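Data block below; observations after.
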Amino acid sequence: MKSFNSLIISISLIIALFATSTNASTFDIQNNCPFTVWAAAVPGGGQQLNQGQTWTINVAAGTAGARIWARTNCNFDGSGRGSCQTGDCGGVLQCTAYGAPPNTLAEYALNQFNNLDFFDMSLVDGFNVPMDFSPTSNGCTRGPRCTADINGQCPNELRAPGGCNNPCTVFKTDQYCCNSGSCGPTGYSMFFKNLCPDAYSYPKDDNSSTFTCPGGTNYRVVFCP
């Protein structure tokens, strides 16, 4: 009886592990920029990526509120402590907190309503590097892409070292931050939207900027596609 119970437990563990592996999603994070970036992911941590290098992370089914972004002009010591000009996450290489603006964001939530993945690209925290966020499996092919030279065209009042701030970061008013939950597009949000139509340009920019794929889809994030 004891051996039978052990067999049942072993089979249950195998089934659980199989279910986890089949529902988890893989994210390949690639740097095509002609400079080094320090990729960041919550969950996931961080990784220095020279031009052409890829970092792969596996994310559990049901994960929500997740982000991937690039950090630029970083310096870290041997213990993984330091700072970045854009996207810094508390002065550590291995991020457990979101990055400081300005930073272009890939955001996602896996296996949500109707077992769908919801994902988007957001400029609500500003922009630092061009990005492509694409599904790579399950017959799902459409994802957001932003390749415009936003830094080069950034309005003077939004300019930041290494990036272009969203107006909420600069002005901190309800008009731009939407703290009341009721806001609309502005001239600044239209600047971002016109250059990168796929991306969130302000907090309520849902209809045209949220993408879905079946749960269990794998994805690729490319910096400077």
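Glycine is treated like the rest: Cβ placed from N, Cα and C.
Annotation comment: TrEMBL describes CYS33-CYS224, CYS74-CYS84, CYS89-CYS95, CYS146-CYS196, CYS154-CYS164, CYS168-CYS177, CYS178-CYS183 as disulfide bond. The feature signal peptide is assigned by TrEMBL to 1-24.
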Show me the subset of CYS33, CYS178, CYS183, CYS196, CYS224 whose Cα is within 10 Å of CYS168 (disulfide bond); these are the disulfide-bonded residues I mean.
CYS178
Can you tell which of the disulfide-bonded residues (CYS154, CYS177) has the fewest other C-beta atoms within 10 angstroms of its C-beta?
CYS177
Cβ neighbours of CYS95 (disulfide bond) where a neighbour is any other Cβ within 10 Å:
25
So if I measure Cβ to Cβ from CYS178 (disulfide bond) and keep only same-chain residues at least 6 apart in sequence, which ones fall under 8 Å?
CYS168, TYR202, PRO203, LYS204
Other C-beta atoms that fall within 10 angstroms of the C-beta of CYS183 (disulfide bond):
19
